[in-house]
Each structure stands twice: as C-alpha cells, then as structure tokens.
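To start, the structure under review is shown below, and the notes come after it.
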Amino acid sequence: MDFERDLNPAQRQAALTTEGPMLVIAGAGSGKTRTIVYRLAHLVSDGVDPAAILLLTFTRKAAQEMLTRAGMLLAMGPSGVASVSGGTFHAFAFATLRRYHAAAGFPDGFTVLDQADSEDILGQAKDTLGIGKGDRSFPRKSAVLGLLSKARNKELDVGDVLSREAFHLLPYAGDIARIGERYTAFKAENRLLDYDDLLFTLERTLTEHPDLLDYLRQHHRYVMVDEYQDTNRVQARLTRLLAPTSGNVMAVGDDAQSIYAFRGATVDNILDFPELFPGTLVVKLEQNYRSTQPILSLTNAILQNAGRKYDKKLFTTREDGPQPELLRPFSDLTQAAMAAAKIRELSSRYPLHEIAVLFRAGYQSYALEVELGKTGIPFQKFGGLKFSDAAHVKDVLSYLRLVRNTADFPAWSRVLAFVPGIGPKTATKIFNAIQSGDRAVLGKMAAKSQEFRALIEFLDTLRALPPSPAQLLERVIEAYAPLLAEKYPEDYPRRQAGLEQLQQIAAAYADLDAMLADLVLENPDEDRKKTREDHVVLSTVHSAKGLEWSAVLVIDLVDERFPSRHALSRPEDLEEERRLLYVACTRAREHLTLFAPETIYQRQTGGCAPALPSIFLRELPPGTLPERRERLGGGSAAAFAACPPPSAPATAVRSRLTRPAEAPHLTGAPAPRKAPTGKMGYCRHKIFGRGKIIAMLDDGKCRVNFPDFGPKVILADYLEMEDAS
DNA sequence: CAACTACAAATTTTT
DNA sequence: TTTGTAGTTG
C-alpha cells in the first residue's frame, strides 16, 4: 500500500490525519471509499486494534461495501473484517441493545419488528380503536406507518407532518396520532421494537447509563460515519454521544447526494458538524475518478439549477468519452423494448454486470423485466421483494420468534392463521388470553379444536429444545412442509428451496436472537446477489447509491414519475428529486442513456397520457443533451431519428442559468391558457397547483384531483387549462 | 358472529 | 401486486 502513489493530496490528508474531529466533503466518485479504507489501514498499521474502530453508515449497501473493501485491503480475510466494529446505525443499535438489554429495560430480551410486522400491529390498533371503519379515504396502514415513522424521524408531531406534506389527510391527524399512541403502547407492553425504536432506545439507554456510555467511548477510540448527509437527528445525536473522549470522529458525506430527507435526514448535520466538534478539520475531495468529462458536464449542469448548493468543482482527467444521450420512445411500453435493445447493443462492449438500469420507484421496471425475460437477457433487481419478506419465510420465522417472545403479536397471527376456523378475530382473542394468562379461553379453544391443541403442543416442544437456530428450524420446517404445499400448490417447490436456503443461513448462527434480528436488519439475499456475474442490474436510484457501472440507463424521466408526482408541490421535495437524478447520472463511468417516453400509461384512465420530459431535463441549456425520437418505421434503438437541437435564443439560455430558484411547478410548463371547456385534462389552480380534471359538474364546477391535496370541487373560473402537449 | 370469497382501488424512496 | 370492503356462507 503506497499512500503517496495511490492517493491525491486531499485524500492523503484525510487518510493520514487520525487525531481530532474531521469532516470530509466527498463529491461523487471522488474516491471516498478508497480514502476511508486507506485510513483504516493506516490506523491498523499504527497498532490500533480494529475492534476499537467503529464504522457507521445509514444503508446496508454502504456498510457492506466498506467492510468488504476494508477486509480485502487489510488482507485479513473474513475474520479480520468482522473485527472492525460497524454496520448500519440500526444494526449497531441492535447489537448494543442486545448486549446490554437489561440496561435498556428488557431483562428478557426483545424482538425487532420489520415493516410488515409494524403494519400488522397498526392494523390491529386501528381495529381496536374502531377508527376509520367504512371510510374509504382513510389512509391504509402502510401509509399510516409511513406518516408515523416520518413524524418520528423528523421529530415533529403528526399534525405538523400532515400540514407540511399531506394536506388532504389533515382531518385525520387526531385519529392517526391515536393509532400511533396505541401502537407505541402495544410495543412497550410486548417488548417489541421497530426500526425507529432501535435508534431512540439506544439513545435513551446511553443517556440513562453514563457508565455504559463511558465504557463505549473508551472502547471505540475511532468513530467514522459514512454518508453523513443521510443521517437524521437521532443519528447525529448518537454520533455525538458515541464520539470518543479523544474527539477522533470522522464524518464523510456529500450534500449534493442527500436523498433521504423523506425520512428525516438533514444536510444540517453536515453543516453543523464543525460547530458540534470544535477544531474540526474540513477536507474536500473534488477530483472525480469515475466518470468521463461529458458525463460530468451533464451532471454539473443538472446541479447548476439547484436552489441551494455548496461550492464543489468536480473535475476529471478523463476528457474523452461518448456524449450522454436522451432517447424519446413513443410510450413507456416501447421504452422497455428500446432499453432492452440498448442493453443488447451495449453488451458487445461491456459485460452485462457492468450495465445498470436505474429508476425512481420499484414498480417502474416491471415492463422492462417482462421484456428482458422475453429476450432472454438475465437481470437482477435491487430494491425488490426482500428474501425475508416472502410469506413462507415469515411463516417459518414466526414459530421461531414465538420461542423467544410469546408476546409477539404478528408472529401469533401468522401461526394461528393456519389453524382452520381461526381468523383474525379469534387470533386476537387468543393472543389476549395468552397475554393475560386467561386459561379459560384457551381451554375452550383447545377443547374445540384438535389443530389448536396440536399447535400449542408443538410450540411447547420447541421451547423445551435447546435454542439452536438450525435444530429448531429443522423441526419447524418439518411441521410446516405440508402447510406450505397446501397454501402454495403452484410454486411450492420454489418456496421449499427458499426454506432450504434459510436452513443454510441458520447453520451459521449459534444464537437465535441474532439470527432473527439479522434477517430483519440485513438482507442475506443481497450479498449473494452481489457476487452474481453477467446479469444486468435493475435498481432504484436509492439502492444504487454508492455503486457504479460502465454503462447506465435511466428510464421514465418524465414529470410525475421522475420527479415523482408526490414531489411536485413542495420546492424542497423537488430539490431532493434533482439530487436523486444527480446520484443516478453520477453512477455512470462511460456511457449514459436517458429515456423520456412521450406518453405514459395511466392506470386511472386505462389509457395513455402525454408526458413532459422531466423538468430537470427541460431546464438544461439547449444542446447539453442530444435528443433522438423513436421513428414510426421501426422498433430498434437504431431507428431513432436525430432531432435538430432546439434553437432557443441565447438570452433565454442565460436567464435560465442565472435563475436557479424558479417556482418549480411553473418552470418549463406550457403557459396557462384557457378555462376548462368540458374537456378532461390537466389544469392549474393558484393554490393547489397542477391537477387532473376527473369530472365536469353543474354550475360551472368541476372535480379536480390534485396530487397532494386530493380531489376537490372547484369553480371552473378559477382554473386554467394546460395544453395537452 | 366469524371466516371465506369476490371485487375494486391504490402504488416512492430505506432501516 | 397487495389491501380493504362488501357480500355470502358456515
């Protein structure tokens, strides 16, 4: 390892400065990971015990990447990797809480809930309280959970969150808050922790137990936090708490890549860092080693229009390379075919796993997945269904969870659902009886149902066995196999194989709790995926963060998809979408193709609606991005006709460049023209913004659906029609 | 009264 | 593709 040769001066400074607080502002592709890894190596070669180094990140991907690369470089093998403490904030919180569970207030341990579990409990709370019954517009439980979690992460109350970003749900604020209280109480009664609880409980435990905190601070002599721009307020406080007495804290981040504000992440954390830790050394990494200049020019142009930004000049020495291009298929369906054709074309130059297709939301790749299946191009998708989310895996794990914690409601309801004659209601009754020790109810159930008796006996046998994950799992799968065949007659063998995979995972664990929590916090499927070669990668932009490919395609770059429909009304949200696009484009090393279909399928109307290219593309200076439209004559990418570059007057160009903070929903949209004429389509309202007319009513009124305010009845005079083009 | 069945509706991003 | 509701059946 040669620090002189392998690192540039800024990187070297970051890697070799080991004492005192440090903030590294690392642009996209600026060798951030390399710098951190070299710093680790430097510390270890200085005689620092790897276990005394704590490495925290927000996402699993980043944690994994970091720890494997550290392991490779330190040439210590897998055991060496394990000896550097670290992982995601959540995983670290879990490990710490588990070790000191008594201090955390859980003498008998606790169970970690994943999203589905939390939703189950929330649904239960909603039913118990009788809230929202028969009300079709009451938000579904996933939305309720999202709101409650957002309120928690942003440390606001539900009303504030609603009034800021879901105006139409404001009347439900009280109900949602009540459901939230019930949910919180339920978790407390049954020693259950959700994702957010892990962080807040760790914070509480550390503040309440100064001795424990002191011990941890002594133990972790060096703390490094990666992707610091994605941390939220608790995570920043945890960083502060855990900071060793020596003050050796390093935070690494890039404000331009902050894409988790929706869950409370705040760039303020980066800005405040030097104040929080006096004497902070700030290092900027500005040389980009990943992309060619044409790609960097585009990404710089995208960032150019950002409302607020921090000065950072990314530069590269890779001057040459193909120009990024914008393709305009007729529709999102032909887009899938175009993208597949593009992949085929690229595959002559790059191995398949060096090609990635990125999109805003998981569902946007469905058409492409079908197309790739048809043409026989293998792919792997990131951000799809998690291994542990599969129903059969959750079923089996539920039995194991009940071995550790009989107060686990989601587990009971899954397990009880297999007993004939028991549905949600009876399951709840039984759960309550178990909780309160009501033998009478249980006895009655047992007398009535042979299957119920068998289940209880089975669970008792499990609980009597030694708590070895592998052995317990074997018993459970044995008992579950017939149920599996019955429940999934069609793809029973595939799921069976999945359970065998689970057995292999279990074999690696000596401790049941650790295994259960890891399945909730980590995703064992993904490391396996990572090593899979010769598959095109399909990924959400969020999941693609920190990764890079030789060729990148970004699809569905039209307004309402990317930027997401939900982000159109609030400027801050729109800015985040812009950074998201920036992250997407900066993943590309050499080749970058953007797709903006001219029409997109709309579920509501069942037809196609014309679509505008993403606002972020429309506001680029003309000529930045060559554009080619699909031709009627043929279906392959080669059939694109080159469009003449748009010839806007030079003055318009300049005004766009110097006017970054234009009201987002007005920028680039066709000028409003006329009042509704009875034709359906999009219109604009002074207060509610852009909306879709869904019905014409009497008295010159119409019903308009506004993406962020819900449907409203409005006098047509107050609306302006938007051109269909 | 609870479970099962059929159907309409809605869908961001992560831990 | 999942989730909630209304109707039907045991």
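Any Cβ shown, glycine's included, is placed from N, Cα and C.
Because TrEMBL annotations are produced automatically, they should be read as predictions rather than curated entries.
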Need the matching range: TrEMBL marks region 'Disordered' on one of A:288-317, A:558-587, A:618-647, A:648-677, and I'd like to know which.
A:648-677
Least surrounded among the binding-site residues, given as A:Ser30, A:Thr33, when other CB atoms within 10 Å are counted:
A:Thr33
Any idea what DSSP makes of A:Lys32 (ATP binding site), helix, strand or coil?
helix
Cβ-centroid neighbourhood (8 Å) of the ATP site, A:Ala26, A:Gly27, A:Ala28, A:Gly29, A:Ser30, A:Gly31, A:Lys32, A:Thr33 excluded:
A:Thr35, A:Asp254, A:Leu285, A:Asn288, A:Tyr289, A:Arg290
CB neighbours of A:Gly29 (ATP binding site) within 10 A?
22
Over the domain 'UvrD-like helicase ATP-binding' (A:5-292), what is the model's mean pLDDT?
89
